């Protein structure tokens, strides 16, 4: 059925414990929108929707003419659907995994290795690092989205070392003074930050648990007395501690930028960038890999030494971590998030209420289209029959194919499209 090159997908849901519950989850809402008879359990976490051909969550083709076939199997049979450049560059594999995440509790202090480190970790510890690929990723907020990303400017960290004595105790007087003296010399500051962070992360458990308990007690008492606890990031600290009591990752908030993304804003997380997702809903696109190095705020395997050694310690303000999108010059409905990696790009397509006929333009790459809001009837010579689009519909579009939409929703449409623009 190679002539069928545009078709809907049924995508895998991952019910990780950190996900939002029931219909509080954007993932659950999209699943229900795409399949109105789906059963959503209110006490069950709906954490991730996987849209792609990853072996751990290969999407099912939702077309009666292509029965019981996954997207990965279909691509293996018809690799030309990827586009010639993508097929040749990525050895006949779809190079990205597209996701929706609904985060209720913090999702680990982590970073992703570059290709060289990924290959080494996979060779040494395949049980923890299951492939040899890098894993750059980008998160685009659907709702207000909270996370941690990259090391704060040294001046901010020094402010916390002064106002949070328990944090100062873990970093140590000598390292804290060294950081103070390094301000103004970016290269030296990075070296000292590595020393400070590594020292804290390698503290004996009893030492950091005692300091954390003292800090939580002090912040709790100050809050109860009506005192301002913002100099200790009290609200966030108590929230993380309630989720992961006694976890060294609670102190990471004093090193890493606290990010609050509004809908449509994005973070790009390149190799070795420390980060954590804390709360909210986002679309996420990444290279097709499972390699994550973790060191806190997680029940999973942690690898503190590897994380501390690999991280990018360049300090930068939170504002610099917001990844900009650009308006497509040929289509005013399209905003492009084009990160500095070859594996993926993401388009946000916003069709205004005044537009009733819209064409999803062809690109020289296979793409996955997700409907966030709105309704339309989709037609394509590569689909053979019309496809009804509504909230939660996921569509696979082969390279160099266009899709015409007759928009039936009076409020317009919002869609996201993942592809590979080599």
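Glycine is no exception: its Cβ is also placed from the backbone N, Cα and C atoms.
In TrEMBL, annotation is done automatically, which means it is predicted and not curated.
TrEMBL lists 294 with the feature active site. Look at TrEMBL and you will find 110, 112, 137, 275 tagged as Zn(2+) binding site. Annotated domain 'Phosphomannose isomerase type I catalytic' per TrEMBL: 6-153, in sequence order. Residues or ranges marked as domain 'Phosphomannose isomerase type I helical insertion' by TrEMBL: 170-256. Residues annotated as domain 'Phosphomannose isomerase type I C-terminal' in TrEMBL: 336-376.
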**Item:** Nearest of the binding-site residues (110, 112, 137, 275) to residue 294 (active site) - Cα to Cα
**Value:** 110
**Asked** Can you tell me the mean pLDDT for the domain 'Phosphomannose isomerase type I catalytic' (6-153)?
**Response** 94
**Message:** Counting Cβ atoms within 10 Å of each candidate's own Cβ, which of the binding-site residues 137, 275 comes out highest?
**Reply:** 137
**Prompt:** Helix, strand, coil residue numbers for the domain 'Phosphomannose isomerase type I helical insertion' (170-256) per DSSP?
**Reply:** 68 helix, 1 strand, 18 coil
**Cβ neighbour count within 10 Å of residue 294 (active site)** = 22
**Fill in**
Using a 10 Å radius on the Cβ of residue 110 (Zn(2+) binding site), the other Cβ atoms enclosed count 24
**CB-centroid shell, 8 A cutoff, Zn(2+) site 110, 112, 137, 275, site residues removed** = 111, 135, 269, 273, 292
